[in-house]
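Notes to accompany the following structure.
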Amino acid sequence: MAATLLDVCAVVPAAGFGRRMQTECPKQYLSIGNKTILEHSVHALLAHPRVTRVVIAISPGDHRFAQLPLADHPQITVVDGGNERADSVLAGLQAVAEAQWVLVHDAARPCLHQDDLARLLAISENSRVGGILASPVRDTMKRGEPGKNAIAHTVERADLWHALTPQFFPRELLHDCLTRALNEGATITDEASALEYCGFHPALVEGRADNIKVTRPEDLALAEFYLTRTIHQEKA
């Protein structure tokens, strides 16, 4: 029987540091406008009426989150994250044991559009596995020689997608797949890869390519541009 349009909980793993940003401040706490990247990311989730609760997994030594307005938000729960992303997601899943479906969203992905989120959430009407936001690969892709800055070969880009977030799955299925994959030593780079490891095939829901993750210093200005443009479009 297909799932109905039930309320959804979200998990945001925010315990990482992001050393590629070359800053002393964890990237999720860098500011764009008058909000941190984390606040932009979380507010995009809470803007959808189906998302009733957001669990944020932070580092046990994190002293920055308590200073944000988010810390007092009634729909937000904070848990201690782990050393790896999967550990933080599992900690978040434990806090929403009553949820049937969960979103997992990157703390440093602040440019999520509401129409993309709505399309992703709609798959719960006829899916038992879930899916992810993704964008088709547009550039020519090259495989590098191991340990060298040299091209090994060109990778056929047909059917290649950039995996984005949020990713959206039945809570119990995601919990079981993450647990099994970690116990068996599998390499888990996102939540969908845990389901793939266990033999499932999540759906690809095409999303906007400007739903970027802030990873490098130059991404900050780009994210600010996208967010400013979106605000102006909403006011128009």
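Even glycines carry a Cβ here, placed using N, Cα and C.
Under the heading site 'Transition state stabilizer', Swiss-Prot lists R20 (among others), citing sequence analysis as support.
According to DSSP, K27 (site 'Transition state stabilizer') is assigned to a helical segment. Per Swiss-Prot, site 'Transition state stabilizer' is recorded for K27 (among others), and the stated evidence type is sequence analysis.
Marked as site 'Positions MEP for the nucleophilic attack' by Swiss-Prot: R157 (among others). Taking the Cβ of R157 (site 'Positions MEP for the nucleophilic attack') as reference, residues of its chain lying under 8 Å away and at least six apart in sequence are, in sequence order, V137, R138, D139, T140, M141.
Following the DSSP three-state reduction, the secondary structure of K213 (site 'Positions MEP for the nucleophilic attack') is coil. Using a 10 Å radius centred on the Cβ of K213 (site 'Positions MEP for the nucleophilic attack') and all shown protein chains, the other Cβ atoms total 20. Taken from Swiss-Prot, the feature site 'Positions MEP for the nucleophilic attack' applies to K213 (among others), supported by sequence analysis.
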Calculate the distance in Å between the alpha carbons (Cα) of K213 (site 'Positions MEP for the nucleophilic attack') and K27 (site 'Transition state stabilizer'), and round it to a whole number.
10
